[in-house]
């Protein structure tokens, strides 16, 4: 037991250090290259520490106004999607459940596109996430009701209903874009996943959503652990099944909808990261949520770094990178479930 705890602590330390140095490295990379030690010094100065390094005001603007908000937003959005993936897999009792696959992202994307087309700019920072959330909660409720039969979650029903809902909301998005040619290009680029143009105010709004949601989900992680066998068994151990499911469903959807509203559709992080972290710490949902937050942040940070530097000065939508990783991984999981006879 002591060895296991030490091993988990080492994993936490590696992820935290890896995330910190990845943030500093990502901030140093761009059209204007800035030395690693200068970036480190500017960030420390921003945090209130005194540093003996001298830098130009231009570098400080590039780091603190342009790059750092974007990099930190990538970490926060990745963390949100990673934790949402753990919650989805635990709630649906299915390892292939993911906010992207079960239609939440498409529904939230439609809500976002609708608000942009209607030019709801006055309260956009608040109305867009709210409308995205309302459509997302509608989507996940439909999928949940269709996929659950006799208190059992059918894998094939989950996949098919998720695909159907995704296609439906994608069709609605295409429909409104067809009549809004002047905004179509920007909306399409945005919905493909982009962290371009992130500001501190957007970052703080997303952070304000993330912190209470993840903390609450962490406490409900114990209920998810008990519900893994059956709802009846969990109920006999004092779990309020309906309340727990409702809270987890709403918070998981809110995390995903907020991510889509501010950064577009970034798929498969909620599928890939929980599986990777499960190999390290097993199926304890509380531990999984913590590690998936770090892992999701790291994955999206590096995916975004590639998206803005691979063919610079052009920028590739970050959703393309996550889809290229997640698509084959999803097919692998389907193959494994089919091989074990669980696809049904």
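Even glycines carry a Cβ here, placed using N, Cα and C.
Look at TrEMBL and you will find 12-32 (among others) tagged as transmembrane segment.
Tertiary proximity for the transmembrane segment (68-88) is limited to same-chain residues at least six positions away from its ends with a CB under 8 Å from its CB atoms, namely 19, 23, 26-27, 43, 46, 97-99, 102, 195-196, 198-200, 202-203, 206-207, 209-210, 213-214, 217, 221, 224, 248, 251-252, 255-256, 258-259, 262-263, 266, 269-271, 273-274, 277, 285, 288-289, 292-301, 303-304, 318. Taken from TrEMBL, the feature transmembrane segment applies to 68-88 (among others).
According to TrEMBL, the feature transmembrane segment maps to 100-118 (among others). Same-chain residues lying 6 or more positions outside the transmembrane segment (100-118) and placing a CB less than 8 Å from one of its CB atoms are 88, 92, 124, 127-128, 131-136, 138-140, 142-143, 158-159, 161-170, 172-173, 176-177, 180, 183, 186-187, 190-191, 252-253, 256-257, 260-261, 264-268, 270-271, 326, 330.
For 125-146 (among others), the entry in TrEMBL reads transmembrane segment.
Sequence annotations record features per position, and here TrEMBL assigns transmembrane segment to 158-179 (among others). Listed by sequence, the residues of this chain that lie at least six past the ends of the transmembrane segment (158-179) yet keep a Cβ under 8 A from its Cβ atoms are 92, 94, 96-97, 101-103, 105-107, 109-110, 113-114, 117, 135, 139, 142-143, 146-147, 187-188, 191, 334.
Here TrEMBL flags 200-220 (among others) as transmembrane segment.
Outside the transmembrane segment (247-276), and at least 6 residues removed from its termini, the chain residues within Cβ reach (under 8 Å) are 73, 77-78, 80-91, 95-96, 98-101, 104-106, 108-109, 111-112, 128-129, 132-133, 135-137, 140-141, 144, 190-195, 198, 202, 205-206, 209-210, 213-214, 216-217, 220, 223-224, 288, 292, 295-296, 299-300, 317-319, 322-323, 325-327, 329-330, 333. Feature annotation from TrEMBL assigns transmembrane segment to 247-276 (among others).
The transmembrane segment annotation in TrEMBL covers 288-310 (among others). Sequence-remote contacts of a segment are chain residues at least 6 beyond its ends whose Cβ falls under 8 Å from one of its Cβ atoms, and for the transmembrane segment (288-310) they are 11-12, 15-16, 18-19, 22-23, 26, 29-30, 70-71, 74-83, 85-87, 195-196, 214, 217-218, 221, 266, 269-270, 272-274, 276-278, 280-281, 316-318, 320-322, 325.
The feature transmembrane segment is assigned by TrEMBL to 316-335 (among others). When Cβ-Cβ distances below 8 Å are used as the criterion, the transmembrane segment (316-335) is approached by residues 74, 95-96, 98, 100-101, 159, 189, 191-195, 263-269, 271-272, 275, 299-300, 303-304, 306-308, 310, 343 of the same chain, each at least six residues removed from its ends.
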